[in-house]
Amino acid sequence: MTELKNDRYLRALLRQPVDVTPVWMMRQAGRYLPEYKATRAQAGDFMSLCKNAELACEVTLQPLRRYPLDAAILFSDILTIPDAMGLGLYFEAGEGPRFTSPVACKADVDKLPIPDPEDELGYVMNAVRTIRRELKGDVPLIGFSGSPWTLATYMVEGGSSKAFTVIKKMMYADPQALHALLDKLAKSVTLYLNAQIKAGAQSVMIFDTWGGVLTGRDYQQFSLYYMHKIVDGLLRENDGRRVPVTLFTKGGGQWLEAMAETGCDALGLDWTTDIADARRRVGHKVALQGNMDPSMLYAPPARIEEEVATILAGFGQGEGHVFNLGHGIHQDVPPEHAGAFVDAVHRLSEQYHR
């Protein structure tokens, strides 16, 4: 494989010295970019864009042409696994993702296959290989998956949810069915991420978007336990280099210590967690990624710069910080504000790495 020209993102995840704090943005390939909208229109719809390796590669690279980002992230969706299990994924205008056949009971779980990453999900691996080739070693490529709990919420609720009553009903009334589903998803995610690593992903991230809706006890039992299983089963080295793993539970700031015990390399923080506090609590064990409020990108560039300076000062001197937003970038953010953010991180962070 091509030698990596910029490895500061991988180095920061492993708490190794870097010249400046690396930065990338969750959903950096997305609707805030006019060029993304043009490519998506060309693809026809969102899943067609995900399933076309050339177009998925194109949208992955678009933000890197605009901004000096330190990593690329595979353009895909967390719902590729449930889709490959045959749940019939479709997107309703204004509604988000929906499934035609949600999972309602243990019998439904038993019927679900564990998808073969090189077969039913082969289009994702083709995209990974294509992106790695086209990146030409400029920056590392991040692969990702949803967490078992987060995938299960969509599969049981039949789509997005505000109150999560359907999956919580299963959790409390039929926990055996939910554990069977989560176990199957943990196996599927492990295979899927390992296939992404073999195809060329140089780091992987597990997005636990909905872990924060659980009580602490339920989080341990129904979310973290299964992420821990995945971390235990991942390839941690490929192509002669360590493959760092980041866990991100949105709304999970109170559980950082437990998350750091999984053996992952880094934890993602949302904007509700104080990064100085997070570093005091777990900075000796893991790197931290985050954690500016994505809505700050609506502010004037001078205000964005102030916020970047505050977060950098909060983390403080030394290694182990990857700058990011606390969640995905909003679709109506002015692209030049994202540029001001990236530039501010690089310019203002140098003093912390001397």
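Even glycines carry a Cβ here, placed using N, Cα and C.
What Swiss-Prot records for Arg27, Gln28, Ala29, Gly30, Arg31, Asp77, Tyr154, Thr209, His327 is substrate binding site, and it gives sequence analysis as the kind of evidence. Under the three-state DSSP scheme, Tyr154 (substrate binding site) falls in the helix class. Less than 8 angstroms from the CB of Tyr154 (substrate binding site) sit Leu79, Pro82, Pro97, Phe99, Ser160, each of them six or more residues away in the same chain.
Neighbour density for Asp77 (site 'Transition state stabilizer'): within 10 A of its CB lie 18 other CB atoms from the protein chains shown. Per Swiss-Prot, the feature site 'Transition state stabilizer' maps to Asp77; the stated evidence is sequence analysis.
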Secondary-structure category, per DSSP, in which His327 (substrate binding site) falls: coil
Rounded inter-Cα distance in Å - Arg27 (substrate binding site), Asp77 (site 'Transition state stabilizer'): 10
Sparsest Cβ surroundings (other CB atoms within 10 Å) among the binding-site residues Arg27, Arg31, His327: Arg31
